[in-house]
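A quick write-up on the structure given underneath.
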Amino acid sequence: MKKIISAVTFLLVAFGFTANVNAAVVTSVSTSNERVIIVFKNKADKNVVSKARGNVRREYKNANVLSASVPTTAIKDLRDDPNVLAVEQDIIVKTNSQTVDWGVNKIQAPTAWSSSYTGKGVKIGIVDTGIANHEDLSVAGGAAFTSYTTSYLDDNGHGTHVAGIIGAKNNGYGIVGVANEASLYAIKVLGNDGAGYLSDIIAGIDWCITNKMDIINLSLGSSVPSTALQQEVDKAYNQGILVVAAAGNDGTSDGSTDTVDYPAKYSSVIAVAAIDSNNKRPSFSSTGNTVEVAAPGVSVLSTYLNNKYVSMSGTSMSAPFVTGDLALLKQANPGFSPNQLRAKLNENVIDLGISGKDSWYGYGLIQAPRGQTSTVTQPISTIPTNTQPVTTQPVVSQPVTTQPSKLGTRTVVSTNKAYYLAGDIIYIKAKVTDTSGKAIQGAAVKFSITSPKGVVTIYKGMTDRSGEAFFGILTYRITGKGTYKVLAETTYSSYMTSSSNTAFQIY
């Protein structure tokens, strides 16, 4: 089995593991004063909370809903109130996150760019962990709804990764997002641990409605339905906002059960499943009749904290491809209503699986809009390495070089450690110079990693101005144990090739 991923300088991969990389986990909070979400039949009434000896935590501008803290003993009386439709537990939603290049090409985004469709003028609300400062991202604005900060800056990484898939700049540097000129708004509803209350997520969607976003991206979900959440996404859609959500990562190997999460399951939301680079459904991708479309979701390279680039897997990565594609469609069809854009999205697909709409891929793999011309090609870009991770003493192999020549190259591949525990991040670096020791920029490096079972995974990178190419491997508890072999092979213009190898072990 050989999987080729177009990666560059700094790549972080869920190595040998895809399940549960992005599924939302719901846990309950039980205290003497319980956090609840109260859904009213008519106008929200704070007096109802006061009578229950509770405190209002948050009000919403676009829904008849209050978030409150009330005594557990008062919940029954609240539910009996004639003006109350539902009283829901304010559950905690937590993302367990874990190459854009292959994904962007898979949906034919460069063809749309060649027709000047870049998402320009489209406002996208990314309801997530926030967006970090990154030289490959521009953030138009945002808000924070977590309890510990008023900043929408990302301190987890998930939201920044999602933002890069949607709209990383087409600047000849780093990566490029699907809608690279769209306006990105950071709505922080999840904390640095990837967790957040449902009431905060609803508040984030409410902000998007008030601030007239064109598209909302929800790379999160829960197996628990919520009347309040449904009302909020319905309100957004009725206000002309397209809502996109990850279908979930609760799929089974045979894909025979309905495992789509909420809010993706609601009819006002576009539920997005995942595919790999071979157009196959990864086993983690949730299935069900409400799956609407599919998009890349395995080893997707995008922006991350500290100006880094990492690779993640999950339907959380698939949803932003659809969000970006909708931004292109909106620019290409400025007079279309949300219903028309949604229909266009579902028409412009590659049918996968059984003929027609199915529970694995929905209508199929999304394809970007095509114009009349296609004369502009995607620029070749490199990943910056100005944020090289702090590592321990590297383990460096003896390089295998070509015969000395003025057109020769020298490659040295190394790992930051020789031994790792499952769950560690493995950093791998290739240093490329000419035979005089001068760093070579722009050399193509192919990394081949062979697992203990003989499975070869290939990553492709390009050296920076220091002659170095980095990537990282994110391991999990079930990652295969044993010795992994690394081979780095370098090619550069008219220079002779060179290679180097090393190995590391996972315990």
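Placed from the backbone N, Cα and C atoms, the Cβ positions cover glycine too.
Automatic, uncurated: that is what TrEMBL annotation is.
Taken straight from TrEMBL:
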ACT_SITE  Asp128  active site, charge relay system
ACT_SITE  His158  active site, charge relay system
ACT_SITE  Ser316  active site, charge relay system
DOMAIN    119-364  domain 'Peptidase S8/S53'
REGION    383-403  region 'Disordered'
SIGNAL    1-23  signal peptide
>> At a 10 Å cut-off from the C-beta of Ser316 (active site, charge relay system), count the other C-beta atoms across all protein chains.
In response: 36
> Quick one: Cα separation, His158 (active site, charge relay system) versus Asp128 (active site, charge relay system), in Å?
Replying inline: 7
> What is the pLDDT of the domain 'Peptidase S8/S53' (119-364) when averaged and given as a whole number?
Replying inline: 94
> Which whole-number value in Å describes the distance between the Cα atoms of Asp128 (active site, charge relay system) and Ser316 (active site, charge relay system)?
Replying inline: 10
> Taking the Cβ of His158 (active site, charge relay system) as the centre, how many other Cβ atoms fall within a 10 Å radius?
Replying inline: 26
> Helix, strand or coil: which one is Asp128 (active site, charge relay system) in, per DSSP?
Replying inline: strand
